[in-house]
Amino acid sequence: MGKGGQDEGRRSSGESPASGFPAWARSVAECEEEFKVSVSHGLSAEEVARRQGIYGLNELEKHSGPAIWQLVLEQFNDTLVRILLVAAVVSFVLAWYDGDEGGEMEITAFVEPLVIFLILIVNAIVGVWQENNAEKALEALKEIQSEHATVMRDGKLIPDLLAKELVPGDVVELRVGDRVPADMRIVRLISSTLRVEQGSLTGESTAVNKTNRRASEKLK
C-alpha cells in the first residue's frame with residue numbers, strides 16, 4: 001500500500017496521511033481505515049484525481065542546484081566561521097600596523113591570521129564538495145526511481161501505470177525484479193519471503209527481509 005508522494009514542496013494543502021501515521025506499526029485493517037481504501041478494490045478514479053490535486057505527483061522534486069558562488073557563501077553563514085573570519089581580519093590589521101617593517105616580528109605576526117584564513121578556505125572547500133556530493137546523490141536516486149507500477153484501482157489491476165501518478169493509499173503489486181515505486185506498507189505476501197535491495201538508500205550491502213506483520217512503533 002503506497003504511503004504517499006515524494007514531492008513535499010508541491011502539496012497545495014494539508015499533509016499526506018502517511019506523514020504522521022506509523023503504518024509499519026498498524027494492522028492492515030487500520031491502514032485501510034486511515035487511507036480510506038480497500039485492498040481488494042483500490043482507489044476510485046475520482047479519489048485518485050482528488051488526492052493528486054492535494055499531494056502532487058509521486059516524484060522527487062526537480063530543481064537546479066545552487067551556483068558554486070552560492071555554495072561558497074553558504075559556508076560562511078555559520079556563526080563560528082564568521083567569528084573566526086573577524087578574528088583573522090583583526091589579527092591581520094594588528095600585524096600590519098604593529099609589526100616592524102621588514103623585520104622578523106612582522107613576518108611572524110602574519111602567521112596567525114594566515115593560518116585562520118587557510119582553515120576557513122579549507123572548510124569552505126570541504127563544505128562545497130559535500131554539497132555537490134549531496135546533489136549528485138539526489139540525481140542518482142532519480143535515476144534509479146521506478147518509472148512504472150502495477151496498481152489496483154476500481155477493482156482492476158492497471159499494469160505499467162506511471163509511478164509518478166501514485167497517490168497516498170494506492171494498492172501496488174510488486175513482483176520479482178520490480179523497483180519499489182514509493183514508500184509502502186506491505187499488506188499481503190504471496191511468496192514465503194520478500195527481500196529488498198535498499199543499499200542505494202541505506203548503504204546496506206545485502207538484501208533486507210520484509211514482512212507484512214506490524215513492527216514496533218519505535219522503529220521509524
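Just so it is clear, glycine is given a Cβ too, placed from its N, Cα and C backbone atoms.
Among the features that TrEMBL reports, compositional bias 'Basic and acidic residues' is placed at 1-13.
Here TrEMBL flags 22-96 as domain 'Cation-transporting P-type ATPase N-terminal'. Summarised by DSSP class, the composition of the domain 'Cation-transporting P-type ATPase N-terminal' (22-96) is 47 helix, 3 strand, 25 coil.
The region 'Disordered' annotation in TrEMBL covers 1-21.
Summarising the annotation, TrEMBL assigns transmembrane segment to 79-97 (among others). Cβ atoms under 8 Å from those of the transmembrane segment (79-97) belong to residues 106, 109-110, 112-113, 116-117, 119-120, 123 of the same chain, restricted to positions at least 6 beyond its ends.
Among the features that TrEMBL reports, transmembrane segment is placed at 109-129 (among others).
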In the same chain, which residue numbers or ranges, 6 or more beyond the ends of the transmembrane segment (109-129), come under 8 angstroms Cβ to Cβ?
68, 71-72, 74-76, 81, 84-85, 87-89, 91-92, 94-95, 98-99
Let me know the model's mean pLDDT on the domain 'Cation-transporting P-type ATPase N-terminal' (22-96).
87
